[in-house]
Structure formats: C-alpha cells, structure tokens
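According to TrEMBL, the protein carries these features:
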COMPBIAS  27-40  compositional bias 'Basic and acidic residues'
REGION    21-40  region 'Disordered'
REGION    551-572  region 'Disordered'
TRANSMEM  130-149  transmembrane segment
TRANSMEM  161-180  transmembrane segment
TRANSMEM  186-207  transmembrane segment
TRANSMEM  249-269  transmembrane segment
TRANSMEM  289-309  transmembrane segment
TRANSMEM  346-370  transmembrane segment
TRANSMEM  382-401  transmembrane segment
TRANSMEM  413-433  transmembrane segment
TRANSMEM  445-464  transmembrane segment
TRANSMEM  476-498  transmembrane segment
TRANSMEM  510-529  transmembrane segment
Amino acid sequence: MAAPVGTHTVNSAIAVPPIIDDDLDEKNDSTQHHDHHHGIDVDGAAVSALPDAGMSAGLGVIEQRRAIPLSGKRKPTTKWEYWTYIGFYMFQNTCPLGSQVQAIRQLTLTASHPSGFMEFAGKTVPINTAILDINGALSAAGLAVMFILGPYADYGSWKPWILIVAIIVTWGCCFGALAIKHVDQWAAANVIWAIGGLSTTVVAIFYQATFPGLARDLPKVIQSEEDVLNGLKTPEEHEKLDSMERAQLYNYCNIFGSVMGMVMYGVAIGLAKAIQGTGSIEDVIKADHWLIVFYTPLSMIFGLPYLFAMQWRPGSAIPHGVSAWTTGPRQVVYAVKSLGRLKQCLLYLIAYVFLFESIGAFLSVYFILLFETIHYSPELQIAYNMVGDVCGGLGVIGTQLVHKKFDFQIKWIMFFGTLTSNFPNLWGALGSFTSKIGFKHPWEFWFFQAWNAFTACCGIYNVTMISEVAPASKLFMFYSLFKTVVGSTGFSGPFIVAGIIDRSPKNPNVAFWFLFAIGILATIFLYFVDVKKAKIDCALWAEREAQERYSDEQRLEGQLNRETEKHVEGAA
C-alpha cells in the first residue's frame, strides 16, 4: 500500500543481498534474478565490489541515486515547488536578451559599418562572419564558466546561489541595454549582450539540471522506489514511472511556455505596432527599448516565485580529506579518468555535440537572414516568435500524448526529432542550386517557424535524454558538460560556417551542406545508444565512486540521509 501523501520514509539503501526476500509469493518471482545485487550493508561498509552482470536497468535507476552519500536529508518535492518550477520556464521566454537585446546588438554593429565589412581579430571580415565568430567565442566562454561551476554544484546544498546570482546579472544586462541609444555604441551593446548571454546560459543549464531531481523526489516516485526495495513491484515498472515523470515535467514546462507565450506575444505585437515609429534606426532601437521594459518585469514575475519555493536540496557529501575548494576539480579529474565506464553516455555526448553544432550554427545563420529579411522590425520579430511558440507548443502536446499512449522510449522520440531538426539544413543546402528556396523569401521563415511543431520533440527530449544516460548524483556536472560543449549556438560550428561563408560570399547556402552532414552523423550515433545499459553503467559508476572516494562512516551517514523528511507540507 502506498504511504499517505506527504509522509514518506524510504529505506536507507538498496538492501543487502538478497534484495528481494525469498519468501515472497509467486507474483514477485520476476524480480528474483536480482538477488545478487550488491550495495552498502546496514553497518555502512561496502559489501563485495559491484553489482553483478544481471542487474536490471530499473535497479540501476535506483542505485545510482543511492550509492553516493548525501550531505543532508532527502526532500520530497512539494506542489508549490513543482508548479513554480514550471512557471519559471517563462523566464526564458520573456527574457529579452535573445531577442530585443540581440537585435540591438546586431543592428548597431551593422549600421555602424555600412560597407558590410569590419576589422575583427586583426583582419577585415564581413559583418556576418564577425557576428558568428563572436557567437562562437561566447560559447567557448560559457564552456569555461559552467565547467568550473558545474562540478561544485553537485556537492552540498549551496547550488541555488548559482541560479540567484545568474538571474540578477541577466536582469541587470536587460536593463543595461536601455542605455544603448546610438549606433556608435555597438561595442557596448556587444559587451552587454555577451555578459547577459553567459548568465542566461548558466540559468538555462541550472534549470535543466534541476528537473530530473524534482521528478525523482516526487512522493509517488519515492514510494515506487520503496515498493521495489520491498518487493511490491518490479524494477521495470519503476523505470517506466521514473522516465515518464521526468519527461512529463519538462513537457509541462514547454506546454506552459507556449500557452503563456501566445498571450504574451499577442500583447507585445500590439505594443510594437503602436511604438514602431517611422522605421528609422533610432525608432527601431526605441521600440526595442519599450519591449525590453515590457519583457523584463514579466521575466521577474515568472522567475521570482520559484526562487522562494525551491528547496535547498542536499547534493553529494564532500569526501573526507577533500577541501570544499578542491572538490570541483577533483570531481572532474575523477570523472575524466573513469569516463570509459560510461560508454553509452559518451556515445550520446558525441551525438549531442554533432546535433547541436548543426542546430546551433543553423540558428545563428537563420536569425541573421531573418533579421535582414524583416529589416529588424520589432513587430515582425514578435510575430515570428509567436508562430514558433504556438506551433512548438502544439508539437509538445502531441509528443506528450503519443509518449503516454504508446510508451515509446525517450531515445526513439529523440531519434525522430533529430530527423525533423535536420530537414531545415537540407532545405537551406538545396538553396545553393536555386533561388526559389533556401531562406531567400519571407514565406520560408513563416514555414519554418511552423515547422517547430515537428522539431519540438528534439528541443525537449534532448534535455530529458541526458538524464537517461548520465549518473543521477552528478547531473550538474554532466549537464554542464553537455550544454556548454555546444553552448547556445554551438562551439566550433559558427567558426566553420563563418569560414565557409567567407570563402563563398556569393553563395552562402553552401554552408548548409556542412550542417546537414553533421546532423546525419548525430542521427547515426544516437541510433547506437543503449539506454538500458547506460542506466546500469551509471549505477556501477556510482558504486565504484562511493567505494573509492568515501569512508565507511560517510556511507553509513549517507544511508541515514536517504530517509526523507517526514510530514512534508504540500507534497506534490
């Protein structure tokens, strides 16, 4: 029988063998082949070395969460925390750094260099090449920042400070962009955009790395773990629940973002139409200023409730003999040395890098062409965003319904998404042979904003897929690795695309062939990822780390911390 909502006490560790008692009735015989699973005994000492080869993916899901000692008591997710987390998604949709601030940055840069060329990195290059190079440099900086912060965030309970500081910096940059009033301020505009871009990258990674823990700390998921450990349900049933709850939470975030985005963009279009003026550069900048004033307070309205509702959840305990300051670098060194044991995670990382090099560089080129086509019109920017959000939201709803009805693996939903996401690259590439297609006409941009309905599953499930193949106790480090290797626009992709465009200035569509090719590579690598084996690998990896880096006393204390806080008010 399930425990009452809000009152949960979970077994302190995956039990000593046998994990399922021998006297269970025939109904539970399906779980008996796991009897030789090894974990931490009741005295806190390691028993045997590692789980045997017969360990299931379902047990792997549980063990990777429980092998590493925690720094405090496990905290069940509350309803207030759950729904404010979903609401926080609108922070990303309302933050104007990726729209109005970026438009001001590109407009001032372009207008201040009417020849279409500028001095950059010691040579004269086309404006679009410089923009892509700056985007690539920003991604590299994001990689450095998050790969420093990510490993630290997995320890202790201080990680919310990362989100709080990054959000404050982001809002500061949004308001700072209001000081850009003339085209000769293009350098300041780029600095503000770059700093804000780094902070929003940090916020996005923190946000995405948080949702697997929220889903796994739902009372019904905690109860499911307990039922498996007590032999009341099979590990496979728990694995399905775990995957579905993670996918469902992030899907809800995107659905909410699309619904609210439709309302918000409707208001913003009316505002933009009222303030667009004559269409001069000064009037366009002024219109963008008003939209920043509109969007930024909205992002605060959606962002602040979660900052108050989020629980300061415990992370991994710091191993004895290791200082807090050296924990992050030591974790990175340990992870690098043992990454060979996480082959499926590495395989998905390769697929992920190729996919988002392709998507990131595509979006850089796409938005450059879009802004040029619509002449930086704030009204049309909002209209395109609205179409993209509405169609993307419909795509998420459709994907969620299909996922629940047919119980597809997250991997195969993601696989479909890689195919649909690569189609725009093929479309652009074909434009190298004809002037009829290839992002040369306004109708094509409307079409591909609507195409978001089919790419939505990739945009959402790529995030959930990371939590399928990465160790649960080190999600911040692995999300930092995944998300910053490619960054918001990719790491090397923009540099390569810029080089191709630089060599073929009369036919820039040639660059899309490169993006299409690496998109195909991503699809091939993803096909060979074995998610069930990944979950077992993560459990083995976590147990090995617990035995190699933690003392018996810490593992015993970690067992006690596995018990959740009782009588949680407002448990979800």
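In case you wondered, yes, glycine gets a Cβ from its N, Cα and C as well.
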| Same-chain residue ranges lying at least 6 outside the transmembrane segment (289-309) that approach it to Cβ under 8 Å | 78, 80-81, 84-85, 87-91, 94-96, 99-101, 160, 163-164, 167, 171, 174-175, 177-178, 260, 264, 267-268, 271-272, 275, 378, 382
| request: Using a Cβ distance cut-off of under 8 Å, indicate which of 130-149, 186-207, 249-269, 413-433, 510-529 has the most pairs with the transmembrane segment (382-401). | output: 249-269
| To the transmembrane segment (510-529), which of 130-149, 186-207, 249-269, 413-433, 445-464 is linked by the most Cβ pairs under 8 Å? | 413-433
| For the transmembrane segment (130-149): best-contacting stretch of 186-207, 249-269, 413-433, 445-464, by Cβ pairs under 8 Å | 186-207
| When each of 186-207, 413-433, 445-464 is checked against the transmembrane segment (249-269) for Cβ pairs under 8 Å, which one has the most? | 445-464
| query | Do any residues of this chain, six or more beyond the ends of the transmembrane segment (413-433), have a C-beta under 8 angstroms from a C-beta of it, and if so which? | reply | 351, 355, 358-359, 362, 365-366, 399, 402-403, 439-440, 444, 448, 451, 454-459, 461-462, 465, 507, 509-513, 515-516, 519-520, 522-523, 526-527
| Which residues of the same chain, at least 6 past either end of the transmembrane segment (445-464), have a Cβ under 8 Å from a Cβ in it? | 208, 211-212, 246-247, 250-251, 254, 352, 355-356, 359, 366, 369-370, 373-374, 384-385, 387-389, 391-396, 398-399, 410, 413-414, 416-418, 420-421, 423-424, 427, 439
